[in-house]
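Enquirer: Here it is, the structure in full.
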């Protein structure tokens with residue numbers, strides 16, 4: 001109870017706090033706080049007053065301390081992979097009477113009792129808008145599409161702990177719920193024990209890389225159903241928790257709540273759809289409409305508060321009826337950072353300030369509450385395991401899913417705070433339940449990462465680069481997309497790659513979303529991964545563009561995926577996906593984009609580190625695409641496309657030749673191969689062919705007629721492999737007028753630079769290797785010393801630099817090199833686990849080498865057209 005008594009006089013008093021206590025040991029909820037409503041802003045320290053005696057300076061200081069403490073704990077708990085909600089709750093406990101509140105100066109100066117009214121009001125305003133965001137991020141239709149398995153898991157995960165928790169607490173009701181309403185206590189406790197915190201679960205799944213797994217999809221779907229059922233039960237619990245209410249008044253509360261929900265769905269929702277349809281395509285929602293919608297959050301909260309249900313329920317339902325398209329994206333972008341980063345920690349701080357561990361004195365009460373909580377959690381885990389096993393999931397997966405469904409945190413804090421406000425929970429029960437909730441949520445990540453071991457393929461795949469694949473075989477490609485601007489350049493590259501039914505391309509379009517702690521982007525990933533409705537916005541436009549291209553072109557199969565991860569570990573998700581899908585090439589967009597004046601500006605500073613990490617850890621070949629006009633409409637509509645391959649030698653350049661080989665099959669592509677060689681270059685001699693088998697060995701082989709004896713080829717030099725692959729390319733393209741081969745003799749980097757600048761300016765795309773030629777080659781060594789972008793290599797960096805006048809797109813290739821160690825001595829051993837494939841490969845290589853020797857090596861005169 002608080003009374004506002006205006007105080008006489010114009011000079012503010014030195015002490016504005018007067019606490020009246022009828023007894024010596026009175027709780028804070030029964031205190032009488034007197035304060036002056038005029039004491040908002042201070043007059044300055046030079047007037048001889050303390051600024052902390054005024055509400056606004058004190059509130060600003062409290063907010064800064066709470067946010068700083070929360071962020072510090074987030075950093076400290078990050079190594080053990082704890083969700084942010086743990087840090088936020090612990091920050092409130094530390095700042096409250098349990099720890100810092102024991103210091104009298106701190107308690108009376110920084111967090112005096114008179115200031116809690118202001119702090120709690122703003123905290124509940126932040127909670128109001130956060131629950132609006134949670135409702136906005138949920139899809140009502142998820143319940144319909146979640147499937148029978150997720151629905152049964154959600155029901156079992158609520159019913160069993162609700163029944164067991166309430167039954168156990170009913171047995172010990174006299175020891176646990178002293179001086180409180182018995183029926184209301186059981187109902188609130190049942191909701192608190194059975195709820196699953198969907199926003200916290202989404203963050204945990206994203207941080208431990210399980211959001212796109214089967215386990216993560218089931219957990220998310222079940223958590224959404226669980227969360228919505230929990231809010232319905234909470235509204236019911238609040239309706240019957242009023243100490244002075246009769247059954248008739250509780251019935252009116254329930255009926256009014258149902259009418260409010262129906263009004264939101266059948267009046268507010270159509271109004272929102274009408275508003276969305278009025279906005280022209282491509283234009284943003286006006287600020288007037290956004291302001292009116294955000295005002296509606298407070299109106300909805302007032303309505304449910306007037307009904308007798310907590311205001312957060314109104315905000316949650318109001319968020320559910322907002323369309324999750326462009327309107328939802330705009331609202332989330334405007335609110336989420338401010339609400340979750342600044343206002344929400346205030347609510348947890350209030351929960352911590354209310355959590356007074358010094359009030360926990362009765363060991364029997366503590367033990368019984370922990371027992372009730374443990375039995376309810378055990379019931380939820382066992383119920384989930386039984387349902388999971390009945391759906392042919394493993395026992396380990398069932399345990400992991402059970403602990404995931406035990407995720408507490410935000411929603412439970414709301415339930416407990418409401419229960420304490422309604423005097424259903426006393427201080428002791430509240431403090432114990434807060435600590436046990438924190439402990440249970442802290443256990444989720446360690447247990448799940450220990451128990452859950454997804455099945456991995458033990459057999460790898462062979463075609464990890466393009467050179468080892470046939471040029472007309474199916475190409476499996478993974479294209480990483482960060483923004484909608486990356487899509488046209490990827491599609492343009494696909495068009496040049498000649499996708500046909502004879503040589504199809506299967507591409508995984510992976511939209512990479514940075515994990516920022518938001519539930520919105522994680523929910524979007526969950527929806528797209530489970531083939532449900534995708535969140536509108538950038539993902540929607542990206543997926544629609546790829547789907548339209550797939551429908552218009554034959555020979556292309558596209559699967560759109562979304563991955564949510566921090567940029568520091570995003571490369572791990574891409575590498576795992578590439579290996580699981582047996583991808584031969586990962587295409588990355590360059591971390592800079594072209595400006596109007598032709599320059600290059602960074603898109604995101606983190607993208608460069610991501611590209612470098614992919615180059616270092618990818619399980620297949622990698623290509624970095626620099627778009628400088630390739631995606632332009634004029635270039636895409638041109639009848640003839642000119643592509644140039646700059647060949648210095650080495651694995652990366654051979655990989656570039658392998659990709660250019662696919663482009664040659666396109667009827668509208670003209671390929672120019674420019675080979676740079678030093679003045680003293682001599683084609684290496686072809687390796688000696690395998691010696692004929694000795695008679696004794698032949699007789700031994702006849703014993704095992706069906707066995708294939710593999711004699712590994714002698715180690716070849718890089719130059720030999722260059723000549724061999726170029727010779728094979730020439731043999732396959734004899735008479736092809738669309739291919740032009742020319743040699744440039746250069747002695748140093750300066751001559752290389754001059755030769756590249758003298759090339760025809762009609763080319764749309766240059767294909768280069770990341771590490772051209774031999775290490776330390778004088779042809780590129782000087783260029784390597786001045787690289788601004790080492791991930792592009794010396795030639796790629798030169799082509800995109802400001803000194804290079806031509807505006808041309810560049811594809812930088814890095815080959816995944818498969819190393820097969822050769823024994824120094826001893827008998828021949830197979831160099832691969834697939835002897836048939838190795839035998840065919842060796843035979844082809846020997847045939848190609850023989851053909852090369854028969855032709856006498858070399859490609860003829862410079863500039864020969866074949």
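Don't overthink the numbers, they just go from 1 along the chain as shown.
Yeah, the Cβs are placed from backbone N, Cα and C, and that goes for glycine too.
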Enquirer: Can you check which of 288-318, 474-504 TrEMBL lists as transmembrane segment?
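Expert: Range annotated as transmembrane segment by TrEMBL: 288-318.
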Enquirer: Ranges 31-48, 121-138, 319-336: which does TrEMBL label transmembrane segment?
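Expert: It is 121-138 that TrEMBL annotates as transmembrane segment.
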Enquirer: Tell me which range among 252-276, 527-551 TrEMBL lists as transmembrane segment.
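Expert: When 252-276, 527-551 are checked in TrEMBL, transmembrane segment belongs to 252-276.
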Enquirer: Give residue numbers and ranges for long-range contacts of the transmembrane segment (150-172): same chain, 6 or more residues beyond its ends, CB-CB under 8 A.
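Expert: For the transmembrane segment (150-172), the far contacts come to 143, 185-187, 189-191, 193-196, 218, 221-223, 225-226, 229-230, 368, 371-373, 375-377, 379-380, 382-384, 386-388, 401-402, 405.
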Enquirer: Cβ under 8 Å, sequence separation of at least 6 from the ends of the transmembrane segment (430-452): give me the contacting residues as numbers and ranges.
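Expert: Distant Cβ neighbours of the transmembrane segment (430-452) are 80-83, 85-86, 89-90, 93, 98, 192, 197, 200, 204, 207-208, 210, 215, 351-352, 354-357, 359-360, 365-366, 369-370, 373, 377, 396-397, 399-400, 403-404, 406-409, 412-413, 416, 419-420.
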Enquirer: Do we see three or more Cβ pairs under 8 Å linking the transmembrane segment (369-393) and the transmembrane segment (184-206), pairs being at least 6 apart in sequence?
Expert: yes
Enquirer: DSSP helix, strand and coil counts for the domain 'Cation/H(+) antiporter C-terminal' (643-679)?
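Expert: Tallied per class, the domain 'Cation/H(+) antiporter C-terminal' (643-679) gives 14 helix, 14 strand, 9 coil.
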Enquirer: Residues sitting near the transmembrane segment (184-206): Cβ under 8 Å, six or more positions beyond its termini, same chain?
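Expert: Same-chain contacts beyond the ends: 83-85, 134, 138, 157-159, 161-163, 165-166, 169-170, 173, 176-177, 216, 219-220, 222-224, 226-227, 230, 233-234, 236-237, 240-241, 372-373, 376-377, 380, 404-412, 415-416, 418-419, 422, 424-425, 433, 437, 441, 444-445, 448, 515, 517, 519, 522-523, 525-526, 564-565.
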Enquirer: How does the domain 'Cation/H(+) antiporter C-terminal' (720-817) divide up by DSSP, counting helix, then strand, then coil residues?
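Expert: Helix, strand and coil residues of the domain 'Cation/H(+) antiporter C-terminal' (720-817) number 37 helix, 18 strand, 43 coil.
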Enquirer: Same-chain Cβ contacts of the domain 'Cation/H(+) antiporter C-terminal' (643-679) under 8 Å, 6 or more residues past its ends?
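Expert: Same-chain contacts beyond the flanks: 465-467, 469, 471-472, 475, 496-498, 500, 503, 585, 621, 623, 718-719, 721-722, 725-726, 729, 732-733, 736, 738-747, 752, 755-756, 759-760, 763-774, 777-780, 793, 795, 811, 813-815, 817.
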Enquirer: Could you check whether the transmembrane segment (399-418) and the transmembrane segment (218-240) come into contact, where contact means at least 3 Cβ pairs under 8 Å with the two residues of each pair 6 or more apart in sequence?
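Expert: Counting Cβ pairs under 8 Å, at least 3, so yes.
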Enquirer: Between the transmembrane segment (288-318) and the transmembrane segment (121-138), do 3 or more CB pairs sit under 8 angstroms, pairs being 6 or more residues apart?
Expert: yes
